[in-house]
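If you check TrEMBL, you get these features:
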BINDING   Gly166, Arg167, Ser168, Ile232  NADP(+) binding site
DOMAIN    6-121  domain 'Tetrahydrofolate dehydrogenase/cyclohydrolase catalytic'
DOMAIN    140-288  domain 'Tetrahydrofolate dehydrogenase/cyclohydrolase NAD(P)-binding'
Amino acid sequence: MSATIIDGKAVAASLRAEVAQGAAELARRMGRRPGLAVVLVGSDPASQVYVASKVKMTREAGMESFEHRLPEETSEQDLLALIARLNADPLVDGILVQLPLPKHVNPGRVIEAIAPGKDVDGLHPENAGRLANGLPGLAPCTPMGCMMLIRSVVPDLRGLNALVVGRSVLVGKPAAQMLLNADATIIVTHLDTVGLPALCRQADIVVVAAGCPGLVRGDWIKPGAVVIDVGINRLPPEPGAPKGRIVGDVAFDEVSEVAGHITPVPGGVGPMTIACLLKNTLTAAERRFAEASQARAA
Ligand code: GUN
């Protein structure tokens, strides 16, 4: 193996510590802790685990966590009414609606209902537009975490070739925008891209978020490239095992023979998502407090 492992757990822990310090400082100035509301509709098992982890880490960072668990059959109208209340609640700085939502709820309508200044997931079209235009806003947490991991090994991306596999609103598209904003040259691909291996071989930086276990192979990789694996896929269980292994979208053993740096799964991008959510919550709280102070002074 030639690649260095990028330790997402360590980078995430140091970001959470930095956020906790910022949160404590802001709490002293505001007279209250920054607050994050997390909304979970239904009982998707993976979402339950993610939400429990978000609540725990929010508290550990010295922020207030407001949990709203709603039954699967909650109507879109009731969910929109809750979001309107959270938008108006002065103690709530950030709102996160865990995805996926039940089939009868339109996720686009729900995301658009969140006040852009409280949209700590960075998914509101206003925040997506701000990211695209290079304006300050709130950016999606997973690609933000990918960028921090890339920058931990390659601080300056100017002129490098970066390839993204995947075009989701949650990861692929915003990752491409962030890489472009960092002056990299981007190629955005997906599972229908013709000649994906040859395109990939041109890339100094590869970000894979395709939801396809072991998609990216060793012979797709330029020697020394930085490979960021966003995939979280559970394989079928081995005989006698209760659960299958979690693997990424990158064939780790092969790719780590060729790449310069690689993120493991688990322990790579995963821990960064929540750390960046906390960072966005602090950012949202700081901006709301600054706006309120300006309004009082005016
Ligand atoms: N489900 C899986 N990842 C995410 C995420 O980053 N944000 C939200 N809201 N839901 C998710």
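For all residues, glycine too, the Cβ spot is worked out from N, Cα and C.
Given the structure is predicted, the values throughout are model-derived calculations rather than measurements.
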Site diameter for NADP(+), Å, by largest Cα distance between Gly166, Arg167, Ser168, Ile232 | 16
What is the number of other Cβ atoms found within 10 Å of the Cβ of Ile232 (NADP(+) binding site)?
-> 19
Please work out the number of neighbouring Cβ atoms within 10 Å of the Cβ of Gly166 (NADP(+) binding site), leaving out its own Cβ.
-> 24
